[in-house]
Structures are given as structure tokens and as C-alpha cells.
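Q: Annotation comment: TrEMBL describes 30-54, 66-86, 98-117, 155-175, 195-218, 230-252, 272-292 as transmembrane segment.
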Amino acid sequence: MKTCPSDNTADVDQSSFWSSGSLHWDSHRIGWAIAGACTVATLVISVLSVLSHCRSYTNPKHQRQIIRILYMPPVYAVISFLSYRFFRDYTYYSFVEVVYEAVTLSAFLLLLIEFVADKSSVQNNVMVGKEKKNLLFPFCFWRYRPTKPYFMHTIKWSVLQYVIVRPAISVIGMICQAKGVLCESEGFNSHFANVYLEVVDLASISVALYGLLLFYALTKDDLVGKKPLAKFLCIKLIVMFTWYQSFVFSALQNRVIHGTNFWTSTNIANGLNALAICIEMIFFALFMWWAYPSREYKQSLGTRATSIWQPLWDSVNYSDFAREIIFSLMYFIHLTKHTASYSIPAKRPSFNSAFLLDGHKSPSIERPSISGPALEDRSLANLPDADHV
């Protein structure tokens, strides 16, 4: 089996950060200090932002997703700092880092759905008037009908599939790296695993982003006042910046960036990328603090602040993701079979009234709920007949 050339040098720098009672400064250690300081600053900003929501946890179905999104800058900053400090294991850290990107995109979609569903309690059937539309570029020659029951399941599955695919890619990538067959430095060499993992990842995230953009384009008028574009840009810009700067540093490798006795050109390119991410996350943490303010969830004066422990637990409890994935998958399975009745547990919430699904009934097949995690008081409707789908 063909294996990759090593991205690390055989020589290891044996000098410590402290030498002869004084700081041993070189370019690597200066970068280490800057990355550490920026990571601490990002953590402080993000912790304050998260705590402001935890102390005013008045709308769990919104704020659960918001807190998850607010974790993105500190997660990226901490992992990037570790990948800079332990640069020989950079690839493993980078695989862990991008997993949270999938979590954030999924949390953002569920947040948008909750915003729209909330509006339906004031304004009946937000999908009323949503006529048949063209898909977004590059599939604009195809049309879809937003009022069809399968539409929301398709949107949710298009995004939530990334929560399954991205961790799987990371696990496979780590195994390939350990076996010496990943070979990121070889680019798109078909003899190694990296090119195949990149293709699958590109396809998966493209579907997820397309689903998000399609839902936003359909409901942007219903999201007025929620700053949906700013909220989305917080996430999208992090994804875009990290991807493009990684590409730039890789392109400069062995051309402008050259190795030393202790660091290969790959080590240096990876280190510069990690350092840049640590610096950028300060600004993204501030951007998210502004885009996801807690003031709209503030309790009335004199009301006791909520405990921080329940919000923190809700934010790391991903059972709602699993539930949404399972129910959307089961919906398509039963829709394909057109056979047995599919009943939903009584606790399963529903988005029927929000997405104009009431009234589409079939005597034989019941439709699973397409709701967000916390709306438990809305009735279930049945699946449409096959002729209506």
C-alpha cells in the first residue's frame, strides 16, 4: 500500500519556552503567545454572551439553538490554539474542529424554523400565499410547491444529513491519517484518501447550505426583525474564511513558505492558518454577540434570573437533532412504501399550522410531525395521498 510522505521533520525542538530564567522568544513562540491571548479573549466574549442567554432563559426552543451557535467561535479558537501548539497532530485537530460546523448549521436551521413557527401563533398559516416557486441557482429551471408536506422534511433532511456525514468523514479521515494514507499535502492525488473525503464533504455541505438558503429565501419576509441575514453571515463567514485561507496557505506551501530544521513547510502553513483562525474568532465572537442578543428574551424587572445549568445542559443535549433526523427519515420511508399507518408518540410536537399541513389527509397513512423540539401543543395531520405529493 502506498503511504504518504511525512509532514513532520525527524528533528524535534528540545528548547523550552523558558530558557535560562528568561523567555525564549522566536517566531513560533510569539505566534503561540498571540494565539493563546486571542483564544482567551474569544472565550471571555463568548462566555459573557452565553451567560446573558442562560440568565434570561425565557424561550428554550430559541435559546437552546442560539447557545449552540454561540459556541462556534470559542470551539474554533480553542481547537486552533491546540493545533498550533501541538502542530505535529494538526490534522487530527482540524477534523474535530469542522464537526462543530455541522452542528452550528443544523442549529441555525432549527432556530429559523422556530422563528417561523412562532409567527404562526399570531398569523395563521405562514405558508398561505407561498405559491409555486423556482429553485435557487443553479437549479432555477425546476419548481417546487412550499405548501406540500414533504417540503419541510426535505429542507430539514438536507441540512441535518451534514450532522451525520461530517463526523463520519472526520472519523474516517483520522483513521486514514493514522494509517498514513490520507495525505492532505498531496492535494487531489487519487492514490490517497484525501481527495475522496473532500469530494464527499463538498457535496454534503453544498446540499446543507443550499437547503438553508432555500428556506431563508422562502421565509425572509416572515423573519423581518430577527436579523436572519446577520445571523447566517456569522456562521457562513467563519466557514468561508477558514476554508479560503486554508487554501491560500496550502497554495503558498513550498513556493513562498519554506521549511526549517524543526518545521516543514506543511507545519508552517498549518500553523499560520491556525493562528489566523485564533485572531479572527475574536471578531466573530463580537459579531455573534451583536447578531444574537439576549435583550429580546430579558425577563421583567424584579424577576429572578434563571439557573445557568438547565440552558447549558439543553445546549449540549443533542437528542432533538437525533429526533428530527429519525422522524424525517421515517417520513420518507413510509411515504415511499405507501403502506402501514405511521403513528407518532403523543409528546411529539407539530408544525402543521405553521407550515400549512392541516387538511391534507389520507385514510391509510399518517404524517409524522415536522416540528422543532419544543412545540408540543399542536395537532398532527395525515400524510397526503400519493397523487398529491
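Keep in mind that glycine also has a Cβ here, set from the backbone N, Cα and C atoms.
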Q: Test of understanding: applying the rule of at least three C-beta pairs under 8 Å (pairs 6 or more apart in sequence), is the transmembrane segment (30-54) touching the transmembrane segment (195-218)?
A: no
Q: Report, as numbers and ranges, which residues of the same chain sit near the transmembrane segment (272-292): CB under 8 Å and 6 or more residues beyond its ends.
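A: Here the qualifying positions are 31, 34-35, 38-39, 41-42, 45-46, 48-49, 53, 66, 69-70, 72-74, 76-77, 80-81, 83-84, 87, 90, 227, 230-231, 233-234, 237-238, 241-242, 245-246, 249, 257.
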Q: For the transmembrane segment (98-117), could you work out the same-chain residues 6 or more beyond its ends whose Cβ comes under 8 Å from its Cβ atoms?
A: 61-62, 65-66, 68-69, 71-72, 75-76, 126, 152, 155-156, 159-160, 162-163, 165-167, 170, 205, 208-209, 211-212, 215-216, 219, 222-223, 226, 228, 231-232, 235, 238-239, 318, 320-321, 324, 351, 354-355, 371-375
